[in-house]
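Quick look at what TrEMBL annotates:
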DOMAIN    18-461  domain 'Major facilitator superfamily (MFS) profile'
TRANSMEM  12-31  transmembrane segment
TRANSMEM  66-87  transmembrane segment
TRANSMEM  99-119  transmembrane segment
TRANSMEM  311-333  transmembrane segment
TRANSMEM  340-362  transmembrane segment
TRANSMEM  368-395  transmembrane segment
TRANSMEM  407-431  transmembrane segment
TRANSMEM  437-457  transmembrane segment
Amino acid sequence: MSPAGAQKSSSLTLVLMVTSAAIGGTLQYGYNLAIMNSPTIFIQTFINETFLERWDIQLEDYQVTLVWTIIVSIFSLGGFAGALIAGPMTIRFGRKKCLLLNNIFLMAGALLALTSRAAKSFEMIIISRVLVGINSGISMNVQPMYFGESAPKHLRGALSSSSAVFAAFGVALGQVVGLREILGSEPCWQYLLASNAIPGLMQLLTLPWFPESPRYLLIDRGDKEACINALRRLRGCEVQSSELDEILQEQAETKGMRPRRPWELFTDRSVRWQLISVMIISSAMQLCGNDSIYFYASYVFREAGISDDKIQYITIGTGSCEFTASIICNLLIELKGRRFMLMGGYIFMTIWAVVFTIALLFEHYVSWMPYLSMACIFTYILSFGLGPAGVSVVLPTELFNQTARPAASMIAGSMMWLNLFIIGMIFPFLVSELREYCFVPFGVVCLLSALYVGLFLPETKGKSLSAITSDFHKLNFKGQDTKCASQTKAQYQLGEVCLSTAL
């Protein structure tokens, strides 16, 4: 095969692999965030009717809202559980098989949602949301890891950040499918909640045809031949010695070591700032309030002065906005770097949060202020998609070696899902209680996040693991004597800080 033909084959294989994994992966996260907004009134009515029929109790409005908030937010607790079991699953089954097995939770959740109306059980919807959350929690951890370990170094960021592209596409798709003219109507809401089974089925039919992560095959399984075959298929040509040597070097550094457990990373000084970084960035991704806008879009736009009959169509614009921005981020991440995109995104989000607050304060005095409020929401989401959405999922795959990566992804995923649950629970109350100032807390989070990235996060674009290790080493061992520092530099993530000095 000619070099041009090999390159074309490589690109096609990578694109198809990414599409197959992501359709049943992070697309589900965005899709299941978005589909809950349209049927809000219908499911609340269903809850009220169920209580009335079973126990002859007429619920108050706040009680219905409480049950509805639980249904919406329980998705996040399922995601937290999924993030916790994702690490052990990837170690035992591998990245690809883990994604395939993950569809068990999805299909079970879809079946419960589909039959909940006939069974007259809102509890089945709650359990369904937990199972779908587990599916999304596993996907959000495993998929970026699978992509990052399968990509060539110069495409590592772009492939890993494509997880965010598909998550944003899932949001836009969920908003379109949730239109009243499609599945968002009163007779069809149960089909809307179960429609997530279709992307999962597509993944089950296509992903088995693609190779496992080459790094997993060589470092975890010790199967060099399978690793070379996987690389050959993914690259569309003979394996380059430099790429194989890098994987072999990482294998040598971790030889004889078992996969790290999450709590072990907290006591290992050699990964202190890597761990702090992924925890802060993963938390900020949710504490900035962007994803909660999809949970409660109606509340936000109503507060911004938009009429009810236009809200469902304007909501589609939010998903489309983030989808467009995430594609741009995917194209720019290898050109501009992770640090630039992440810091720039949070700085712009801070600015739009301030402008949005000003617009809300003057909406009763200036006729066009509601339109400025709406524009601020769109630009806020756009800024999120340009940086935080794509870069946040890339970092755990780049800052940790093979033995620590699953544990680091578990910690990062746990922080993301816990904070999504917290914000999901308090978001309606922030909007109703703070009113014009509802976005001030989110603006503060964005400002602090931008400052942290600018002061402490090194650039990782195009760097090998050893080069990234060297950058963080200066933070992890700041103030240590030169002799100790030179010894620990080569012992990154092995938990052997200056052992030779002790000996």
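Including glycine, each Cβ sits where the backbone N, Cα and C put it.
Unlike curated entries, TrEMBL annotations are predicted automatically.
For the transmembrane segment (311-333), the most Cβ-contacting stretch among 66-87, 99-119, 340-362, 407-431, 437-457 is 340-362 (pairs under 8 Å). Most Cβ pairs under 8 Å to the transmembrane segment (340-362), among the stretches 12-31, 66-87, 99-119, 407-431, 437-457, belong to 437-457. Using a Cβ-Cβ cut-off under 8 Å and counting only residues 6 or more beyond its ends in the same chain, the transmembrane segment (12-31) has close neighbours at 79, 96, 99, 102-103, 106, 132, 135-136, 139-140, 142-143, 146-147, 150-151, 155, 159, 162-174, 196, 199-200, 202-204, 206-207, 209-211, 233-234, 236, 294, 319, 393. Distant neighbours of the transmembrane segment (407-431): 65, 69, 72-73, 75-77, 79-80, 82-84, 86-87, 133, 137, 140-142, 144-145, 259-262, 264-265, 271, 274-275, 278-279, 281-283, 285-287, 289, 291-292, 295-296, 299-300, 303, 392, 395-397, 399-400, 438, 441; these residues of the same chain sit at least 6 beyond its ends, with a Cβ under 8 Å from one of its Cβ atoms. On the 0 to 100 pLDDT scale, the domain 'Major facilitator superfamily (MFS) profile' (18-461) averages 88 in the predicted structure.
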